[in-house]
Amino acid sequence: MIIKPMVRSSICINAHPVGCAKETENEIAYIKAQKEKRGIKGAKEGGAGPKTVLVLGCSTGYGLASRIVAAFEYGADTIGVSFEKAGTETKGGTPGWYNNAAFDRAAKKEGLASVTLNADAFADETRALVIDEVKKLGAKFDLIIYSLASPVRTDPDTKVLYKSVIKPRGKPYSGKCIDIMTETLKDSSAEPATEEEIASTIKVMGGDDWRRWIKQLSDAGVLAQGCRTIAYSYIGPELSHAIYRDGTIGTAKLDLEKAALDLDKELKSSVGGGAYISVNKGLVTRSSAVIPIISLYLSILFKVMKEKGTHEGCIEQMERLFTERLYTADGTVPTDSEHRIRIDDLELADDVQKKCLERMKSVTQENLRDLCDLEGYKHDFLAANGFDIAGVDYDKDVARMDTID
């Protein structure tokens, strides 16, 4: 069958197996080149870095990029957890399912242990599986990446299903967004969240589950001396705070940040380790395409940062996180006054934000192409599902949807 992108309401609902695999391979190739360029020696080679890494939310975005850096720049064995829909002979799977297959294939070729569990990362049964798998490896985790982004979570104790929402708090929010497939500016708005929606979003995206993971792994004795854990967050510019940082997601992220402080104390005491929040750069995600202002801001941001030569994608961000923040020459982890690692520094640079704000104020449908990186944004949007990848023949028949070969 010939597979073309199917976009509905600014969301791509299908994936290209070969394209997903190729994009994962491209990120691996970039990391291998960076390893050589930086002269990185992993812990197994007598250098710094992790030996055994758990990545929760390993299949796409920052989670996948983290796993690639850990494995192919530092030589770490990895266990990844994600909940993906598998492809069948005639029906496509989710992008992450193909990404995981490509990662596992590459890791096996390099002789790296790679265990990928297609399971609910919020379930205690999955935690038990992970504990069994790391014991089979005869190892303990020295790095745990928490990169879960989910619309729902079932509380393991109460069995109550909670749903997350992306809404402002207190009052409605409206702004412009871009329909990237038609390249048109549109008005978008969101009603304020109810107290129940706020509480539910915290249950899904806050720190509860992260705490539960660390406690159960600690109780099982599978945390190595010096073990670190890190979760990801976003702050962004002030113009987006009403819908993001001060909205439901931002409120949940504040709960995640509090969990980091508590876990940091616990890990310091128990294994001489630590817990951190990494505040990352804004990037194209499934949700960013439909949040008021965010798609417009990101397309302008990409244009400004590319003009300056400082633009980064997921893989560049995570490579810098590992090499320049987590595993520094003197062993220290640089943080801000609130114990957060900042790799959003290039995005929030004063000159970058000044230009972004100027363009946000002056952008119209007529000058949209001049002020925004529509092509770059559209590429990232499609590439997340395996489309618009150089070197892939999209007119070639795909015989089966349950393989990346």
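From the backbone N, Cα and C atoms, a Cβ is placed for every residue, glycine too.
According to TrEMBL:
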DOMAIN    2-89  domain 'Trans-2-enoyl-CoA reductase-like NAD(P)H binding'
BINDING   57-62, 83-84, 120-121, 148-149, Lys253, 283-285  NAD(+) binding site
SITE      Glu84  site 'Plays an important role in discriminating NADH against NADPH'
DOMAIN    91-327  domain 'Trans-2-enoyl-CoA reductase catalytic'
BINDING   Tyr234  substrate binding site
ACT_SITE  Tyr244  active site, proton donor
DOMAIN    335-398  domain 'Enoyl reductase FAD binding'
Exercise. If you measure Glu84 (site 'Plays an important role in discriminating NADH against NADPH') to Gly57 (NAD(+) binding site) at Cα, how many Å is it?
Worked result: 10
Seminar exercise, completed: One residue among the binding-site residues Leu148, Val284 has the fewest other C-beta atoms within 10 A of its C-beta, namely Leu148
Exercise. Which residues does Phe83 (NAD(+) binding site) neighbour through Cβ under 8 Å, counting only same-chain ones at least six apart?
Worked result: Asn118, Ala119, Asp120, Ala121, Ser150
Exercise. Counting only other Cβ atoms and using a 10 Å cut-off, which of the recorded positions Tyr234, Tyr244 scores lowest?
Worked result: Tyr234
Exercise. If one looks at the chain holding Lys253 (NAD(+) binding site), which residues at least 6 apart in sequence have a CB under 8 angstroms from its CB?
Worked result: Met205, Gly206, Ser233, Tyr234, Arg245
For this session: Identify, in sequence order, the residues in the chain of Gly61 (NAD(+) binding site) that are 6 or more apart from it along the sequence and have a CB within less than 8 Å of its CB; answer 'none' if there are none.
Result: Ser147, Ala149, Leu283, Thr285, Cys314, Ala384
Problem set entry | recorded positions compared (Ser59, Glu84) - the one with the fewest other Cβ atoms within 10 Å | Glu84
Exercise. If one looks at the chain holding Gly57 (NAD(+) binding site), which residues at least 6 apart in sequence have a CB under 8 angstroms from its CB?
Worked result: Gly63, Val81, Ser82, Ala121, Ile145, Tyr146, Ser147, Leu148, Ala149
For this session: Can you grab the distance from Val284 (NAD(+) binding site) over to the residue listed as 'active site, proton donor'? Cα atoms, rounded to a whole Å.
Result: 15
Problem set entry | DSSP-assigned states of the domain 'Enoyl reductase FAD binding' (335-398) in counts, ordered helix, strand, coil | 27 helix, 3 strand, 34 coil
Exercise. So, by DSSP, how many helix, strand and coil residues make up the domain 'Trans-2-enoyl-CoA reductase-like NAD(P)H binding' (2-89)?
Worked result: 37 helix, 15 strand, 36 coil
Exercise. Using DSSP and three states only, what is the residue listed as 'active site, proton donor'?
Worked result: coil
Exercise. Over all shown protein chains, what is the count of other CB atoms within 10 A of the CB belonging to Asp120 (NAD(+) binding site)?
Worked result: 17
